[in-house]
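As structure tokens, the structure follows; a few thoughts come after it.
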Amino acid sequence: PDSLYVSEYFSQSAQKLSFYSWYGNAKLFHFHVPEDTVLLRWLLQASRGKGPECTSMEITVHFRYGAPPVINPLGTRFPANATVRPSYNISITLSSAVQNTTFVNITTPAAGDWFIAAHLPEAAGRIEVKGFSTPCPYMFQADMFVLRLTDMPVLEPGVAMPQTIVSPAKPLHSFQRIITCTGNVNCSLALDSPPWEKWLQIMVESLGTVLVLAVLTPLLFCFTACRPGSTSSFLNFSSLNQSQAGPRPGSTGAAGSSTLPAGASRNVSNKRSFCLQNQPVVREDLDVVSVRYRLLNGPSVPVHSISPTLLLLNLNTGMDSGGSLVVSLLLNKVRSLGNATVVACVSAASPVLSLTATQNCSTAFFQGYPLSVSTSSTEAMLIVLYPQTDDWFLSLQLICPKGQGECNAAEAKVTVFAYLTPCFNDCGPYGQCSLLRRHGYLYAGCSCKAGWGGWSCTDDTKAQSVGAQNLATLLLTLSNLMFLPAIAVAIYRYYLVEASVYTYTMFFSTFYHACDQPGVAVMCIMDYDTLQYCDFLGSVVSIWVTILCMSRVKKILKYVLFILGTLLIAMSLQLDRRGVWNMMGPCLFALVIMIAAWVYHGVKRRHCYPSSWKRWVFYLLPGITLAFIAISVYAFMETNENYYYTHSIWHVLVACSVAFLLPPRDKHKKPWAWSQKLTCRYQICQNDREELYAVT
């Protein structure tokens, strides 16, 4: 009946999508699915703007349980030893319609964290000036509807429970094991190493037609407990002995949930028959998404052939799934048998309790990650990207090539290193590890440079060589030396303040670009943010003082405008460093002042100003042309791939245009007479003052 169902609705705010170049461009949605959920429905809403810049677009949406989806839209390589299991994904197309609504249904999903990641296609790589163009906004929102069942009966061990089932049945669990029973026979299903500390839902349905009203079915459940081989280390799994409230919902004809403990306290005393050896592990939280696991008995653990050695890696805090779990094994020695192999398995939810040479490293519902070390290959490493929130287990067992009988007296010493890190190897020398946030959830991603790609910036398919990196650095730094002619012209024409500004710009632009380079060709003389700010400030102030100098206003007014404009530009850059109006605003205001001053001079002199046609043909027109070409290159031509030479061209064009646009010196000023200014000989000075009071 409908009274057994409870519906709930969860929603998160819409996010603006970005074109994909690294994981930070994917927008993440984090939901928590309650227990006893039998139906999960995602409502996915995508929309775009209505402007002419908006075109048809395909949005890719990824789903994953327990951790953010591991995606690879660019088809790059993952780091060696990394395990990647694809997540479920769909595509939503925005064509002529400005909005698209899509539903995705998941029957009886696993309870816990679910993640959705959405992104646009690969980014074109064009560098756009903020505010110069208006990109089309593409929005995405995910809402979650859940349908829960109430009064689900709990199946106790060893107690038969008759249930009445009808047809049709409710949906099955996502991680399901199916057995078909026909006739009056007993059916049984064995689950090897089922999940620890979790409920298992059992659903029975009738395969008959809808005319079959009811079938009476007794259900019986029993389990075999595992007996750990050490009582002291069993304290690490004491939480597994604690009972928890079972799920209340249940569909008609569905029975039960029950926890299957790894061992009970009453079984620990019997040490003659055990199935595993526990090793105590301490979890040390170092930082955000950074954990180190320390073995209390030392890094080396003994491994035997009779039963596996088990280590618990706790990743169930809800904040551990945004990093990378790294497990490293090193075989130290094998006693009594030299050609044995240590087989290991890393699994979530429950451990693998029986390892063989052909073991596929799987539990009841989870496919683990196999590892092995031997005398011929003593090291092994496993990287689990975005491990799902759960208890993780490392099982190790000694395997002999001729059978386990000859391994009874053998023992291997294996050094185990396990840790959780935000980014594997800190993204390497050509990447930057960034901590991303979605509400209160934190996760990490690598942003690669110098053509490197991949999850950890280890894919060198499009990587720049060291020579190309050095060439790029030289182009971006040495191109600033083109300010030297402008500085020389300014000094020659007595524009000392302007020459000081150009020197400041040349210096900080050179060292900012030397610090801004990826890879090995990098040199930072001070903090990167300081260099960037000084470079942007010098560039805008250089344009500001050049145009004001061309206006030929009175000196006192010019210097007041110099100082006032510089202060306002500094404030504007602090508010928004990459805004287009930080450069366009001062330029336009200075142009207004220059045009007004030129009109005033032209009216006062009753002819065009500047009056010399040579000034227009040989200085102003070339300078204006170079300035417009520079602006066009800066605003429309720069991309991530051609940035090194297009931005260098921008440096050259701007510096040359300044040299052309600076006005000639004032008529009353004489040229620099260096032979008279710099002299070391005595001079006879003449007193030209008139003797008014001479005594004769």
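Including glycine, each Cβ sits where the backbone N, Cα and C put it.
Feature list (source: TrEMBL):
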- 245-266: region 'Disordered' (REGION)
- 254-266: compositional bias 'Polar residues' (COMPBIAS)
- C423-C433: disulfide bond (DISULFID)
- C448-C457: disulfide bond (DISULFID)
- 471-495: transmembrane segment (TRANSMEM)
- 556-575: transmembrane segment (TRANSMEM)
- 581-600: transmembrane segment (TRANSMEM)
- 616-637: transmembrane segment (TRANSMEM)
- 643-662: transmembrane segment (TRANSMEM)
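Close to C423 (disulfide bond) in the fold, though at least 6 residues off in sequence, lie G323, S324, G431, C433, A444, G445, C446, S456, each with a CB less than 8 Å from its CB. Annotation for C457 (disulfide bond): same-chain Cβ neighbours under 8 Å, separated by at least 6 residues, are C427, G428, Y430, G431, C446, C448, K449.
In this structure, the disulfide-bonded residues C433, C448 were compared by how many other Cβ atoms lie within 10 Å of their Cβ, and the smallest count belongs to C433.
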